[in-house]
Amino acid sequence: MAATAIEPSSSISFTSSHLSNPSPVVTTYHSAANLEELSSNLEQLLTNPDCDYTDAEIIIEEEANPVSVHRCVLAARSKFFLDLFKKDKDSSEKKPKYQMKDLLPYGNVGREAFLHFLSYIYTGRLKPFPIEVSTCVDSVCAHDSCKPAIDFAVELMYASFVFQIPDLVSSFQRKLRNYVEKSLVENVLPILLVAFHCDLTQLLDQCIERVARSDLDRFCIEKELPLEVLEKIKQLRVKSVNIPEVEDKSIERTGKVLKALDSDDVELVKLLLTESDITLDQANGLHYAVAYSDPKVVTQVLDLDMADVNFRNSRGYTVLHIAAMRREPTIIIPLIQKGANASDFTFDGRSAVNICRRLTRPKDYHTKTSRKEPSKYRLCIDILEREIRRNPLVSGDTPTCSHSMPEDLQMRLLYLEKRVGLAQLFFPAEANVAMDVANVEGTSECTGLLTPPPSNDTTENLGKVDLNETPYVQTKRMLTRMKALMKTVETGRRYFPSCYEVLDKYMDQYMDEEIPDMSYPEKGTVKERRQKRMRYNELKNDVKKAYSKDKVARSCLSSSSPASSLREALENPT
């Protein structure tokens, strides 16, 4: 009897006044707990393969696998889906299929955004945005207003509005309003478009005002935005300066050139430029073609040789900056081949590779094609990074007052550190003379990477900063260091051109950790040490041959030691 007294009863007595009249706090707690459990159970329908009792499929363009859904859940939560499924109620098809593009009258909703939307539909809970599709691959970005974050919120807004979920519309409208003032004006355009299509008046007015007071040129606005919005922006711009809009001849001529580009008529472009006093640069024709034309048309425009590939438009963007925004390798490569400078910065301190990173989602960066090749977005970043590494001496207009050291500035500095370290390894006397002349020692406290020759973990050292040092001082110090190293490398190119070419050949492998670091030859297994020595000796032989070639070429110098000969040449340049 005593044993049964301590066991929980299998039935609940309702005679107790405490149980029959529970307090409001207890009732609320149990209700919340029950709702939480219900929400979790419904989520299993989406995430657990064992609970796959779906009865319809949504096919999203370019996605191999459709998204399976339960019509009863969607119909209960959304009037749009209720009306949609009513039409097919008598259909003989067991699992009807719906194309996302047919459901949306405007805009786009990708797979990840739709799954995020469905998660709310099933559970009633709005989760944080998934990092792999709502952030960028720029390591110094806060991801509070970068393009992937905006695009994901815009897609969710289209889904929420079209599929008639008012509470989500309100939530995402607040989020998008926060983005408008934080983001670059070109990133505001997709927000403006979703506000226009979804009748979000407050958000639309905010976007129009932001674009109107920006320096975004009229031809870009005409290309991107609906006529109704365009007229409002024009009116606001006229009011802000109190000057009536005048259609001057240069704008008219520019418009004709750009319309010819819109029709892919490069011959007409050439004719218009020949017959008028406007140039392709003045019309920003190459910028426009790179932004909007087919890559083949861009190549044809480049072949006219009528434009400066490093010309800046009124906003400070070079053609390569615009190409980085488009992220099309078949446009970026011809521009670089024509001499576009990958190291040029915008007025606010962004380079082409930095722009490209801020537009690229981690998912797109890491995804490979069916043939196991990198995605075209990663390819664009790789091309631009390699170009910066290949031409580190072309510094562009490097900013000196950035709030954080730009990632491509770190990359160039790392490249130069490793290159000078490699030169020290093979001809220390000559390298030390060149470094003395460039006053590298005076900047060595920046990183301390040159002795011993840098290994491949130097990025960690580059990241170590003095917490008491302001961002301005830190960036300025790094630039001083970089300029000294650039001068050292330039000296090597001038006096040892063959050695310079050999180092060029091996630097990409060195940066990718394919060349052994001989600072620690004892590291690794016996086989690894043997391979390391063989690889090192192969490189050493190539450098020796190149050095002998340079020595013969400079036989006119003094027959004294190589270091003194170089020093004399540096101190008394002819």
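Heads up, residue numbers simply count up from 1 along the chain you see.
Note: Cβ is positioned from N, Cα and C throughout, glycine not excepted.
Looking at 118-132, 133-147, 268-282, the range tied to zinc finger in Swiss-Prot is 133-147. Per-site Cβ counts within 10 Å over the binding-site residues C136, C141, C146 peak at C146. The least crowded of the binding-site residues H143, R419, judged by other CB atoms within 10 A of its own CB, is H143. Here the repeat 'ANK 1' (252-280) has long-range neighbours at 219, 286, 288-289, 292-294, 297, 300-301, 304, 306-307, meaning same-chain residues at least 6 beyond its ends whose C-beta is under 8 angstroms from one of its own.
Under DSSP, residues within the domain 'BTB' (54-130) fall into helix, strand and coil as 33 helix, 10 strand, 34 coil. Across the fold, the C-alpha of C146 (Zn(2+) binding site) and the C-alpha of R419 (salicylate binding site) stand 33 Å from each other.
In sequence order, T135, D138, A142, D144, S145, K147, P148, A149, R358 are the residues of the same chain, not among C136, C141, H143, C146, whose CB sits within 8 A of the CB centroid for the Zn(2+) site. In this structure, the CA atom of C141 (Zn(2+) binding site) is 28 Å away from the CA atom of R419 (salicylate binding site).
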